[in-house]
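Chemist: Feature table excerpt (TrEMBL):
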type	residues	note
TRANSMEM	76-99	transmembrane segment
TRANSMEM	111-131	transmembrane segment
TRANSMEM	152-175	transmembrane segment
TRANSMEM	181-203	transmembrane segment
TRANSMEM	324-346	transmembrane segment
TRANSMEM	366-387	transmembrane segment
TRANSMEM	408-429	transmembrane segment
TRANSMEM	441-459	transmembrane segment
TRANSMEM	518-537	transmembrane segment
TRANSMEM	549-569	transmembrane segment
């Protein structure tokens, strides 16, 4: 125990010995409190009486919180005001260009986005060339921020978004003779922005900046708001493309009237492959939408880490070994394949004019989704039972990344909750007559159940201590118990480093195995539930019960607001479940 206390004391000394240009130690009132707590920690660490590690850790956390408040100043408030104003202005322009093609056109919206993209790139270049290269610029790294799997996902979505911009450029070049050149300039600027931002986040996602803090906070909120406005623009354009109906006729599928290029009737393309490129880049919109959200999440964590003092050592690496699981991935892969087959059949048959074929497509789609959410609910219940039998401690340290993951998970699930509950009300109020109405009601009810169970499972898993941390704690405890036996202590100390190398390769116990199986299955199930709505499945419009009950205008607003959040929820659940898998 004395060894642990000495390590904690050395950590405190290292934290207080580092100074940044923004530190004015003598002038800040909270330094009296800091000094008092530092003295308490010294007394705790130097006392001959045994002291609990929890008490020392609590004192250190309090000291860190006091020190972090000294670094914040008013920059966080200024940056927050900047972010809110850009978001509201961007929301107004995006909404106006979607609903009003006279006063505010797509060109006006794209000019605004080009300005945002250019300003954000200028700040990123300044940060990379000036702030990050200063000696006192980045003293600490947050080991939890920007993990490798998240950066790889950002890179993958960024490459597909870059491909989407290439297709857009090739499409709009064909209309240059009769349309604005801004429609070509915007994808060009966005493509450059994708390259610069992906490189920036890959290199600097873990930074805890200690220099130019106010300017850095404002730059990061500019970057955050830019990505969110780009996300809103992409979601709006994709939603209009999916749901525009010239004449409200609920007996005909909306997909027969997908939105076309605004100037297509008056302005003809100068080359023959316009239609091909146009269809191609619309299918890549989901990847661009997810890229903007991934970048926004990583930027927010960087903003939270500005001026933050953290331990600059990295945590133990957690390896991903598929051989630890078998049943979960196998069942999940079968579910993904079956889901893809039914999704393709749905997309083909729903375009038919034959009402019987459309009803058959809806029947297959509803049944497939009911099977998926039922299996997910069952597996989640099993995982929750294992949590009750698992005695791992809950994580107590401050972690902006974990807090953001939980907030996004709960917030994004509200979109799917809204759609499901509106569907339940419509189905119950109309009596749920007919097999399609009954299936639609069943799907909505099971979706609500599945969302609640999955949220609990993921949040509980994210807040549990990783198994390797519990092994480390057990190792320290054993070392304290046998420290009076010299030979045993020597053996324990000499084998301490190899313990983690070998213990991770041992076969996991049954609780770990079950949790990994559940995580793997839920991960793959969420992927297929992301693919279907992201690439065009809209049973909310193909099945007319909600349109008749709420009227098309109100129902279209509900779906087009809730569905993008529901789609993001599925992809964010994939990322969170992968994290839970690594921790388990």
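Cβ atoms here come from the backbone N, Cα and C positions, even for glycine.
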Chemist: Which residues of the chain, 6 or more past the ends of the transmembrane segment (152-175), have a CB below 8 A from one of its CBs?
Modeler: 183-184, 187-188, 190-191, 194-195, 197-198, 201-202, 261, 263, 267, 269-271, 273-274, 277-278, 280-281, 284-285, 287-288, 290-291, 294-295, 298, 575
Chemist: Using a cut-off of under 8 Å between C-beta atoms, tell me which stretch among 181-203, 324-346, 366-387, 518-537, 549-569 contacts the transmembrane segment (408-429) the most.
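Modeler: Looking at each of 181-203, 324-346, 366-387, 518-537, 549-569 in turn, the most contacts to the transmembrane segment (408-429) are made by 549-569.
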Chemist: Report, as numbers and ranges, every residue of the chain located at least six residues beyond the transmembrane segment (366-387) whose Cβ falls under 8 Å of a Cβ in that stretch; write 'none' if there are none.
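Modeler: Residues packing against the transmembrane segment (366-387) from afar: 328, 331, 335, 338-339, 342, 436, 439-440, 442-443, 446-447, 449-450, 453-454, 456-457, 460-461, 464, 511, 514-515, 518-519, 521-522, 525-526, 528-529, 532, 539.
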Chemist: Give the nonlocal contacts of the transmembrane segment (549-569) in its own chain as ranges (CB under 8 Å, at least six residues past its ends).
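Modeler: For the transmembrane segment (549-569), the sequence-distant neighbours (Cβ-Cβ under 8 Å, at least 6 residues beyond its ends) are 235-236, 239, 243, 245, 248, 250, 286, 289-290, 293, 408-409, 411-416, 418-419, 422, 426, 429-430, 451, 530, 533-534, 538, 540-541.
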Chemist: Which listed range (111-131, 324-346, 518-537) shows the maximal number of Cβ pairs under 8 Å with respect to the transmembrane segment (441-459)?
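Modeler: The stretch with the most close Cβ contacts to the transmembrane segment (441-459) is 518-537.
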Chemist: Which residues of the same chain, at least 6 past either end of the transmembrane segment (111-131), have a Cβ under 8 Å from a Cβ in it?
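Modeler: That would be 86, 89-90, 93, 137-138, 182, 185-186, 189-190, 192-193, 196-197, 200, 203-204, 209, 211-212, 215-216, 219, 222-223, 225-226, 229-230, 233.
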Chemist: Who are the chain neighbours of the transmembrane segment (518-537) in space, where the CB to CB distance is under 8 Å and they lie at least 6 residues beyond its ends?
Modeler: 242, 255, 283, 286, 289, 325, 327-329, 331-333, 335-336, 339-340, 343, 346-347, 365, 369, 372-373, 375-376, 379-380, 382-383, 386, 454, 457, 461, 563, 566-567, 570-571, 573-574, 577-578, 580-581, 584
